[in-house]
């Protein structure tokens with residue numbers, strides 16, 4: 001069953017999911033789960049090592065199994081990995097079980113934020129070398145071309161380029177609370193209609 005209060009934060013790496021997620025969960029009074037960090041905890045190694053040693057397909061399988069374990073929960077904010085939606089099984093689980101929120105940032109801003117990180121596969125070239133900011137931006141543009149159509153299927157979207165984190169959290173809290181109320185009301189009305197039709 002779909003639970004509107006199961007919130008999936010999606011967006012490219014560097015869009016603010018891991019920073020905004022726990023603050024948003026606290027504002028809503030929900031629990032919080034960072035999917036990538038939970039996968040790292042269970043695997044007992046960072047994502048860069050999972051990719052290097054097991055390959056992306058195996059990482060996506062871990063991701064799918066983790067998502068299956070939380071389907072059905074309510075009042076939970078989940079920060080997804082940047083590429084989670086590209087796995088068809090993961091995408092189907094997400095859209096059928098909760099509410100998706102897209103944190104949108106421009107490629108230039110994403111590249112600037114990513115240049116400060118060293119723990120992401122995106123930062124590395126084919127031979128494991130560190131990429132320049134310009135190379136990262138080109139890589140982001142290429143990946144966004146494939147990923148953005150699914151990002152844009154989200155029920156809620158906010159820009160995270162220039163807003164303060166607190167402002168973004170407040171905006172998201174209002175939008176999510178309004179959306180969840182409306183969705184739950186529609187679900188209840190639908191349930192009542194089905195019950196009456198059985199009489």
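Cβ atoms here come from the backbone N, Cα and C positions, even for glycine.
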- In Swiss-Prot, 36, 60, 147 are given as binding substrate, so which of 14, 82 is in that site too? 82
- Note on the structure: Comparing local Cβ density (other Cβ atoms within 10 Å) for the binding-site residues 15, 18 points to 15
- Note on the structure: So residue 82 (substrate binding site), by the Cβ count within 10 Å over all chains shown, scores 23
- In the structure shown, which of the binding-site residues 17, 60 has the fewest other Cβ atoms within 10 Å? 60
- Checking the binding-site residues 36, 82, 147 against residue 15 (ATP binding site) with a 10 Å Cα-Cα cut-off, in sequence order, leaves 82
- Compared by Cα position, which of the binding-site residues 36, 60, 82, 147 is the closest one to residue 14 (ATP binding site)? 82
